Amino acid sequence: MDDVDLNRDRLALALEAAGLDLWENNLLTGEVSRRAMKTIATLGYPEEEQWTCVEQIFQLIHPDDRPRVQQALDEHLSGRTPQYRAEFRLRAQDGSWLWFANYGKIMNRDNPSLAQRFVGVTFNIDDRKRKEDELAQINQQLAEKNALLERYNTALERLAATDSLTGLANRRRLMELGANECKRTARFSHDLSLLVVDIDCFKNINDAWGHQVGDRVICAVADACTGRIRTGLDTAARVGGEEFVVLLPQTKLTSACAVAESLRQTVANKQVPTNTAGTSISFTVSVGVATWQGHAMSFDQLFNNADKALYRAKQAGRNNVQVWDEAA
Ligand SMILES: Nc1nc2c(ncn2[C@@H]2O[C@H](COP(=O)(O)OP(=O)(O)OP(=O)(O)O)[C@@H](O)[C@H]2O)c(=O)[nH]1
């Protein structure tokens with residue numbers, strides 16, 4: 001065995017151990033001078049199959065992958081890339097598609113008369129590609145589940161902050177907003193006003209007409225509160241069975257009293273149908289007003305002050321507005 005044979009055997013062993021399948025094409029004639037036999041066998045084609053020209057092999061490449069392979073070839077043939085690399089699917093004899101990768105190079109590029117040998121190796125990357133596809137699918141499913149979870153979270157947060165009967169903010173949300181508004185008020189030296197609105201003798205409405213009618217009255221008052229507020233600035237909340245709060249940032253006492261009085265009148269003019277056909281009932285609210293005018297106060301204190309004013313409104317015969325007075 002001479003040195004050439006020995007080196008060829010060594011090369012064949014190294015290629016086999018690395019799972020590489022050697023091929024060689026003649027760039028001038030387009031002939032396949034050495035076929036990648038292992039690849040042909042893996043694809044299930046008989047050994048006698050004549051794969052003699054490059055174009056025949058190109059036809060085995062998946063149509064979606066051909067432009068990518070062609071581009072890699074063009075870039076190498078024009079000298080823009082030092083080697084040709086591409087990943088693509090080949091059609092097996094049974095019609096299935098298997099992933100392979102190519103690594104090749106034009107030999108003797110410096111000598112144009114010899115620049116016709118295009119030598120390379122093909123190797124099977126089907127397992128890796130399938131795992132990558134599975135991983136991509138899992139990642140996609142995870143991303144979809146995450147997006148769904150985010151949507152649920154947003155919906156849950158909205159639910160946790162909303163009163164289910166009226167759709168107004170609930171007590172928890174009001175306490176958060178109120179605390180923030182107190183901080184802003186302290187920073188910018190604004191006035192901050194708060195109304196506590198309570199339906200008068202609501203127990204009698206429930207007792208006389210039932211809870212369903214009572215609920216309608218609650219919703220009618222909620223509508224009246226919503227109708228009186230500045231969108232994006234004020235907040236209307238339901239804080240108890242028949243008790244509501246209207247939070248009015250940057251609002252002086254006189255303006256808050258005007259809002260309270262107009263709200264009282266709007267409610268007094270409302271009619272809610274009862275369960276008896278054709279009949280409806282009217283109802284009233286009492287309102288307590290408190291304003292934070294520059295001196296430090298927590299939201300709880302402001303709320304308590306408005307509650308004290310509300311108590312006075314109830315004492316004064318209901319269906320009226322009272323203002324919290326520090327001296328009182
Ligand atoms: N229909 C209905 N009733 C409720 C709801 N939450 C609380 N209530 C009722 O509201 C009534 C409140 O009664 P009270 O606290 O005595 O107050 P009031 O009758 O309005 O009397 P004043 O506030 O003094 O004018 C109770 O009968 C509660 O059962 C609700 O969501 N729906």
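Using the three backbone atoms N, Cα and C, a Cβ is placed for every residue, glycine included.
Copied over from TrEMBL:
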- 43-80: domain 'PAS' (DOMAIN)
- 84-137: domain 'PAC' (DOMAIN)
- 128-162: coiled coil (COILED)
- 190-326: domain 'GGDEF' (DOMAIN)
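Broken down by DSSP into helix, strand and coil, the domain 'GGDEF' (190-326) contains 58 helix, 36 strand, 43 coil. Only residues 6 or more beyond the boundaries of the domain 'PAS' (43-80), in the same chain, are considered here, and those with a CB under 8 A from a CB of the stretch are 25, 27, 30-32, 35, 37, 86-94, 97-98, 102, 104-106, 109.
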